[in-house]
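Residues annotated as heme b b562 binding site in Swiss-Prot, with similarity to another entry given as evidence: His83, His182. Taken from Swiss-Prot, the feature heme b b566 binding site applies to His97, His196. Look at Swiss-Prot and you will find His201 tagged as ubiquinone binding site. What Swiss-Prot records for 33-53, 77-98, 113-133, 178-198, 226-246, 288-308, 320-340, 347-367 is transmembrane segment.
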Amino acid sequence: MTIMRKSHPLMKMVNHAFIDLPAPSNISSWWNFGSLLGLCLIIQIASGLFLAMHYTSDTISAFSSVAHICRDVNYGWLIRYIHANGASLFFICLYLHIGRGIYYGSYLYKETWNIGIMLLFLTMATAFMGYVLPWGQMSFWGATVITNLLSAIPYVGTDLVEWIWGGFSVDKATLTRFFAFHFILPFIIAATAMVHLLFLHETGSNNPLGIPSDSDKIPFHPYYTLKDFLGVILVLALFLTFVLFFPDLLGDPDNYSPANPLNTPPHIKPEWYFLFAYAILRSIPNKLGGVIALVLSILVLALFPLLHTANQRSMMFRPISQFLFWTLVSDLFILTWIGGQPVEPPFIIIGQIASILYFSIILLLLPIAGLIENKILKW
């Protein structure tokens, strides 16, 4: 008699994806972030569901309903802070996951990589709309400034912005639709993540050496289920420590003031995980140019498979590319810092140099480094 997990139609799918899946024997902890992103999504959907039970998407009562959740709902404060900081954890895991993909050449699985970029866009859209919901000062002005960027699109821009707003300014209609989209998008993300995994399992995982691992595979369970579980325990411990001891560290104090259309905050800025893109947007003095640079700062990831010139897949044995990769990481830290600073010297020029360097490394220097390394290694 066949084992149930190998014969039952539903169990068979789970078995092929998480139990009998052949996995490379040498994948490191950098491969843990995929499962951690799944964990983040589950945490966000669960905590978000409980918040939605008590939240009111109305301009008059939205801010009060969040205060009510924190004060009057049993463990409401905990659910709210788990959800708010869960977004930060989500983006930390997301950026590390993308960084791993770039370093080890995982982007050569084109379908998986492109679905991943779609997931990044969906997650960014979800996070942006979620930030608007508490209806604090930074929520309101962040929504106004970011949606207003679409008015830079020639001819249809203004109509498009008013269509998104549902009126002539960010108001009740905007808040209601943002809540609706913020609720539905995580489920779309979950479905897209399934497609991401489907494409990944067509090819199998990459590994740190960037060489085919068909000759040395091990079953996913128990080896990687246990390894992923260890990652989950460690990350949850760090996450809960952060939530319980420093819940407001990453938030903006302005968001503790109710939204006021008549009073603009001195420095409008998004959450920390968007600051690098915000810095690139601000580094170009032209509105349309800035919007194009903003979109390209993420879309440029799609060019990685096309710009891969090296004969080796991974950067593990490519010192020049390694140096450029870590320069790119440092550059992103600088852009994140600049995104949170006011638009004044010397921050303007630092932001512009960092933005030029960001695109130069990806579009020019890494492909050249690949060719040089081919020559050095006589490939």
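Quick reminder: no glycine exception, Cβ is built from N, Cα and C everywhere.
Taking the Cα of His83 (heme b b562 binding site) as the reference point, the closest of the binding-site residues His97, His196, His201 is His97. Residue environment of His97 (heme b b566 binding site) contains 20 other Cβ atoms, counted within 10 Å of its Cβ in all protein chains.
Note on the binding-site residues His83, His182, His196, His201: the fewest other CB atoms within 10 A surround the CB of His201.
Through the fold, the transmembrane segment (226-246) approaches residues 29, 32, 35-36, 39, 78, 81-82, 85-86, 89, 93 of its own chain, all at least 6 residues removed from its boundaries and within a Cβ separation under 8 Å. Nonlocal intrachain contacts for the transmembrane segment (320-340), taken as residues 6+ away from its ends with a CB within less than 8 angstroms of a stretch CB, comprise 99, 102-103, 269-270, 272, 274-280, 282, 310, 347, 350-351, 354-355, 357-358, 361-362, 365-366, 369-370, 372-373. Between the transmembrane segment (113-133) and the listed ranges 33-53, 77-98, 178-198, 288-308, 347-367, the one holding the most Cβ pairs under 8 Å is 178-198.
The transmembrane segment (178-198) makes no contact with the transmembrane segment (347-367), as judged by fewer than three Cβ pairs under 8 Å among residues 6 or more apart in sequence. Long-range contacts of the transmembrane segment (347-367) within its own chain (CB-CB distance under 8 A, at least 6 residues past either end) are made by residues 279-280, 282-284, 293, 296-297, 300, 303-304, 307-309, 321, 324-325, 327-328, 331-332, 334-335, 338-339, 341. Between the alpha carbons (Cα) of His182 (heme b b562 binding site) and His97 (heme b b566 binding site) lies a span of roughly 23 Å. When the Cα atoms are compared, His97 (heme b b566 binding site) and the residue listed as 'ubiquinone binding site' turn out to be 17 Å apart.
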